[in-house]
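Listed in Swiss-Prot for this protein:
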type	residues	note
BINDING	D8, D9, S39, N92	divalent metal cation binding site
Amino acid sequence: MRILLSNDDGVHAPGIQTLAKALREFADVQVVAPDRNRSGASNSLTLESSLRTFTFDNGDIAVQMGTPTDCVYLGVNALMRPRPDIVVSGINAGPNLGDDVIYSGTVAAAMEGRHLGFPALAVSLDGHQHYETAAAVTCSILRALRREPLRTGRILNINVPDLPLDQIKGIRVTRCGSRHPADQVIPQQDPRGNTLYWIGPPGGKCDAGPDTDFAAVDEGYVSVTPLHVDLTAYSAHDVVSDWLDSVGVDAQW
């Protein structure tokens, strides 16, 4: 199994290094990751400047100023030969649950892998301690995929409780929960009196029902949420069509 491994926390982050070590016990792994923390980069792609890479002695590749999406794009199309069998992103330091997925560079890296035609996993730890637990869970899932491929055409967004492995209760297939909109902005002043702004914390949970990713992780279960790239709201087609007919927008051109 050939694995392209990326993340959004940066090439030296403990999550990706712990996972790379575990994966190399049974797979051919190429790390291509940002040279610094790019959390919250979502699906951004660098188009207005060139990208430089640096290869470390162990073969890991850092993309200077690159986003997670840049890293997977370069990894698949230029840096990993032969191409990978699967793209894995993580282990993220902190969860990617509910609405977090729309901002997450971790999920975006997996999404880019799927967009380019490869199976893809995004893996996050609900904390900053038990990376070995998340690595063990990921390795188990990948070994299962090697034995019996999962042909859904979907990204698997995996969130692991920050617990020792023997305290994990099991695994659940979940849906994304949701949060209240975030509204906090934290202003500060620099030494010259200029105002600086920090984005505040995420909103609180507003949908954390029993079938959500929030609930699974809170209860000690690994959450596996299938995600897809198509954002079309098919259920709204008729509503939007009827509205356009009723208001006559095209009659005003």
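Glycine is treated like the rest: Cβ placed from N, Cα and C.
In the structure shown, across all protein chains, N92 is the one of the binding-site residues S39, N92 with the greatest number of other Cβ atoms within 10 Å. Among the binding-site residues D8, D9, the residue whose Cβ has the fewest other Cβ atoms within 10 Å is D9. In the three-state DSSP scheme, N92 (divalent metal cation binding site) is classed as strand.
Each residue in N7, G10, A13, G15, N37, R38, P68, A93, G94, S104, G105, T106 lies on the same chain as D8, D9, S39, N92 and has a C-beta within 8 Å of the C-beta centroid of that divalent metal cation site, without being one of the site residues.
Classification of D8 (divalent metal cation binding site) by DSSP places it in coil, neither helical nor stranded.
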